[in-house]
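Under the heading region 'Disordered', TrEMBL lists 1-26. The transmembrane segment feature in TrEMBL is assigned to 33-58, 70-88, 116-140, 146-165, 172-192, 204-225, 246-263, 283-304, 311-332, 338-357.
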Amino acid sequence: MENENTMKREALNSDSSHEQHHQQEKETKKKKLVLLIVNCILLSVGQVGGPMMLRLYYLHGGQRKWLSSWLQTSAFPILLIPLMVSWFKSKSKFHSQSQSTNVDHVNPGFLLTRKLFIWSVIVGIITGLDSFLFAVGYSYLPVSVASLLLATQLAFTAVFALVLVKQKFTPYSINSVVLLTLGAVILAFHTSSDKPIGVSKAQYFLGFFMTLGGAALLGFMLPLIEFVYANACKVITYDLVMQMQFLVSLFATVFSTIGMLINKDFQAISREANEYGLGETKYYMVLVFTSILIQLSIVGYLGVIFYATSLFTGILVTLLIPIQQIFAIIFFHEKFSAEKGMSLALSVWGFASYFYGEYKQTKKKTHQHKAVSTKSQEIPDEV
């Protein structure tokens with residue numbers, strides 16, 4: 001009888017522990033979903049608004065390519081706000097643990113290992129180069145054409161994700177990549193009529209290939225960041241990701257600053273401001289907003305990769321491209337053709353296809369998890 005009661009108590013404790021673990025998992029998933037949505041919003045706002053502001057700079061007399069490149073990462077000091085909050089929390093936790101256990105703990109304030117530091121420098125330099133390629137592209141191309149070329153990054157992301165992080169493709173994700181890429185190809189047939197006034201054919205093609213190169217480099221960089229996360233030999237937390245973001249933007253800015261110094265862009269800023277079509281005050285406002293918006297997109301990029309995958313990030317960026325074109329039509333009076341409408345429809349279809357596939361995969365995993373849980377609960381009764 002006593003053994004029977006003991007077994008019942010153990011079974012109840014096991015059920016309670018399992019329920020608690022399940023509840024914790026549920027809360028963690030909710031928290032991750034919220035943070036994923038926040039990073040998606042940051043990426044969306046920056047990805048749509050940043051290039052628009054960059055194009056606005058060129059449309060009214062801006063000409064400095066290295067300055068445009070520098071603007072894309074120079075707002076990184078705003079990351080010091082969340083980093084300082086994280087540091088104070090870590091410091092408080094460190095002191096409380098030390099006092100309660102009387103054991104020396106390693107201060108978790110600076111989380112980057114030497115390996116992650118080196119990778120952050122490498123990714124930062126690649127980001128700086130990518131920023132310059134896009135800066136040249138947006139100086140000669142309308143937003144609609146530059147955005148459709150950016151759509152090709154999805155194909156590059158898919159290939160590099162397969163090579164670097166062994167990304168598993170489902171029929172839905174393959175369908176999504178095909179639809180989104182097809183949307184970009186359809187738009188490509190309409191580029192010749194969109195050449196801006198005052199831009200030569202040689203400049204147009206220079207911008208075309210520089211933007212295409214930027215898209216390829218971005219398609220390589222997204223899986224590379226996921227690869228770094230996967231091979232960090234350390235638990236990756238969002239605090240760690242924020243520190244990486246700071247260093248990536250810092251070294252990208254250093255890269256562009258060197259270009260600005262060689263090209264004497266710093267000396268030209270005041271002269272360019274005086275001659276700017278919208279006035280000196282609005283010139284500086286354009287620079288500031290460009291910098292902040294594109295920095296938000298960088299934060300969003302690394303955050304979405306952390307909470308999802310590089311392929312999902314590429315698909316989200318591609319979905320935003322038709323939205324960029326709508327804003328370009330409203331604010332810059334660029335033409336909206338039937339090809340652009342078809343591209344928008346294909347992009348939405350492709351994005352929906354990807355999400356439906358993810359929903360089915362999540363549902364399948366949930367059923368498998370429940371089946372395993374049921375079996376593990378049945379074992380004590382059988383014994």
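A Cβ is built for glycine as well, from the same backbone N, Cα and C atoms used for every other residue.
Automatic prediction, not curation, is the source of TrEMBL annotations.
If one looks beyond the transmembrane segment (70-88) by at least 6 residues along the same chain, the residues whose Cβ comes under 8 Å of a Cβ in the stretch are 50, 54, 109, 127-128, 131, 134-135, 239, 242-243, 245-246, 249-250, 252-253, 256-257, 259-260, 265, 287, 290-292, 294-295, 298-299.
Remark: the transmembrane segment (311-332) makes no contact with the transmembrane segment (116-140), by the rule of 3 or more CB pairs under 8 A.
The stretch from 116-140, 204-225, 246-263, 283-304, 338-357 with the most CB pairs below 8 A to the transmembrane segment (146-165) is 204-225. Long-range contacts of the transmembrane segment (283-304) within the same chain, counting only residues at least 6 positions beyond its ends with a Cβ under 8 Å from a Cβ of the stretch, are 35-36, 38-47, 49-50, 53-54, 56-57, 62, 67-68, 71-76, 78-79, 127, 222, 225, 238, 241, 244-245, 248-249, 272-273, 276, 312-313, 316.
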